[in-house]
Every structure is written in structure tokens, then in C-alpha cells.
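For Gly8, Ile9, Ser10, Gly11, Ser12, Gly13, Lys14, Ser15, the entry in Swiss-Prot reads ATP binding site, with the evidence type sequence analysis. Taken from Swiss-Prot, the feature GTP binding site applies to Asp57, Ala58, Arg59, Ser60.
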Amino acid sequence: MRIVLITGISGSGKSVALNALEDAGYYCVDNLPPHVLPELARYLAHEGQNRLAVAIDARSSASLDEMPGLIRALSHEHDVRVLFLNASTQALIQRFSETRRRHPLSGSPSHDADVGLLVSLEEAIERERELVAPLAEFGHQIDTSNLRANVLRTWVKRFIEQKNDDLVLMFESFGFKRGVPLDADFMFDVRALPNPYYDHELRPLTGLDQPVVAFLDALPVVHQMLDDIETFLVKWLPHFREDNRSYLTVAIGCTGGQHRSVFLAETLAARLSRQASVIVRHRDAPVAVDASSRLVT
């Protein structure tokens with residue numbers, strides 16, 4: 001049986017991930033007490049069900065200490081995958097504020113001032129981080145701080161499609177002026193390359209548009225940087241596989257995240273698509289929603 005365990009921080013998108021798995025044909029259970037999982041897996045296997053997805057959060061805190069051993073035991077009989085979702089505290093506070101929902105560890109509703117509520121929520125978030133931290137090492141980690149729901153569904157789809165020993169390589173373009181991606185394993189600064197922004201005809205375009213592609217593709221220095229990054233990644237990917245890494249994020253940054261970083265992320269994704277399962281995402285470029293994150297095949 002394929003068992004997908006979804007865990008991480010409340011507000012980071014576990015419900016979105018669970019719904020995506022339900023759409024993919026998984027039998028889904030939210031907030032299942034961990035000690036019940038082996039019995040449920042046996043029952044569903046007996047009933048002919050071969051795909052199970054379970055969301056586990058800090059409300060099961062009394063049983064969280066059992067999870068590492070439980071995951072190891074289940075892995076002897078089943079194909080077990082752990083998806084660990086995280087997000088910045090700022091993003092989580094904003095999401096809870098927008099949805100007007102209480103954090104599961106925040107206790108009873110308070111009638112204090114807004115600042116007091118935020119402090120209480122922040123404390124609950126940090127407490128939950130401590131509780132679920134031991135599970136992070138087992139999981140395929142995704143930082144959802146800047147992800148749209150449809151992008152997260154795309155990533156979950158790739159996660160369940162990949163072979164168990166496969167490596168997912170995610171190229172993310174971004175702009176330094178909007179901050180660096182906190183979940184990047186490698187970060188390459190390409191601001192030294194000529195900037196199409198200073199060409200008035202290219203300024204409103206992105207690195208996905210052919211005129212910008214032609215501009216950058218004609219520059220030898222761009223290809224030198226592409227070759228150097230590709231050589232580095234090809235050399236070290238086997239070592240990450242040997243270390244049982246399932247996911248690697250490579251961030252490519254320019255000033256605004258619109259031209260150079262987008263072009264390099266796209267080009268590197270195409271070049272490395274035979275080396276690993278590849279996703280490309282453009283965090284800051286003003287591109288269509290369906291182009292902001294996609295699978296590369």
C-alpha cells in the first residue's frame with residue numbers, strides 16, 4: 001500500500017494537500033491519532049484499498065513521539081512517504097487572520113486587543129514547530145510561504161508520481177528586492193549579467209518572452225554562467241541521492257525576478273530534466289498563474 005503522511009505546521013496547506021490526494025484517488029483521513037494508523041492500513045489493505053493519505057498535526061501531540069518509530073515500522077510493509085509542510089510565522093499569522101480561524105494550540109478564544117491575539121498566535125505557532133520538528137527529517141519538505149494553492153497541488157502531484165528513490169529538483173526564480181527564498185538549498189546570484197530591464201522594449205516583458213530569450217541567449221557570459229551552474233549541479237546530484245534526499249531547491253536570483261533569473265531557471269530546468277524530476281517556479285515574475293509553476297518533462 002502507498003501511504004502518504006502529511007504533517008507540518010497548521011496553516012501551511014495540509015488541507016490543500018489532502019484534498020489534492022483525495023482527487024488523485026487516495027483514501028484520506030484528517031487528524032488521525034498516529035497509533036491508529038497501522039490498524040487502519042491493515043483494514044484498508046484487506047478491503048482492497050491501496051492508497052491512503054493521513055494528515056497529522058500537533059493536536060495529536062501525545063502520540064507524536066511515537067511517529068519516527070511508527071514510520072520506520074510501516075516502511076517495512078508499505079511504500080510510506082512523508083510530506084512536511086512549513087511556512088514563515090509571518091505568512092501563517094496572515095493566513096489565520098484572513099480566515100479568522102484559531103490555531104489548534106492557541107487555547108480558548110481571547111478577547112484581548114489585536115496585538116495580544118497576535119502574540120498568542122505566534123506562541124502557538126512556535127510551540128507547534130517544536131512538537132513536529134522531529135518529523136521534518138523524514139519528510140519531503142515544502143515551504144508554502146509564497147505558494148498559491150494551485151501551485152501546492154502541482155507539487156503534491158509530482159510528489160506522489162515520483163519514484164520512491166527519485167530526486168525532485170525545483171528551480172525557483174526570484175527577485176532580491178523582494179527577499180530571498182528561505183527554503184533554498186542552493187542560491188545563485190545572476191545580477192552580474194546584462195539586464196534586459198534597461199532596454200525599454202524589453203522592460204515590460206519577462207524571461208519567458210521570446211525577445212528577452214533572444215537577448216540573453218545571444219550573450220556568451222550568460223551561457224558561461226549557465227554552464228558553470230549546470231556543471232556544479234550535475235556533479236553533486238548523485239551525492240544528494242546517496243544521502244537519500246528527495247527534494248532539492250535551486251534558487252536563481254536577479255534584481256526584480258522578472259528577466260534574467262526567469263530565463264536561467266527555465267534553461268537550467270530544461271538542461272537538467274534528464275538528470276532528475278524537475279519543477280520550475282517563478283516567484284516574482286508577472287506571469288500567468290498556470291506558468292508560475294509547472295512540471296518539466
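Cβ atoms here come from the backbone N, Cα and C positions, even for glycine.
When the binding-site residues Asp57, Ala58, Arg59 are screened for a Cα within 10 A of the Cα of Gly8 (ATP binding site), the ones that qualify are Asp57, Ala58.
Within 10 Å of its Cβ, the residue among the binding-site residues Ser10, Ser12, Ser15 with the fewest other Cβ atoms is Ser15. All protein chains shown were included, and the count of other CB atoms within 10 Å of the CB of Gly11 (ATP binding site) stands at 24. In this structure, Gly8 (ATP binding site) is part of a beta strand by DSSP.
Looking at Asp57 (GTP binding site) and Ser10 (ATP binding site), their Cα atoms lie 7 Å from each other. Of all Cβ atoms in the shown protein chains, 23 besides its own fall within 10 Å of the Cβ of Lys14 (ATP binding site). The separation of Arg59 (GTP binding site) from Ile9 (ATP binding site), Cα to Cα, is 11 Å. What surrounds the ATP site, by Cβ distance within 8 Å of the Cβ centroid and not counting Gly8, Ile9, Ser10, Gly11, Ser12, Gly13, Lys14, Ser15, is the set Asp57, Leu85, Ala87, Thr144 from the same chain.
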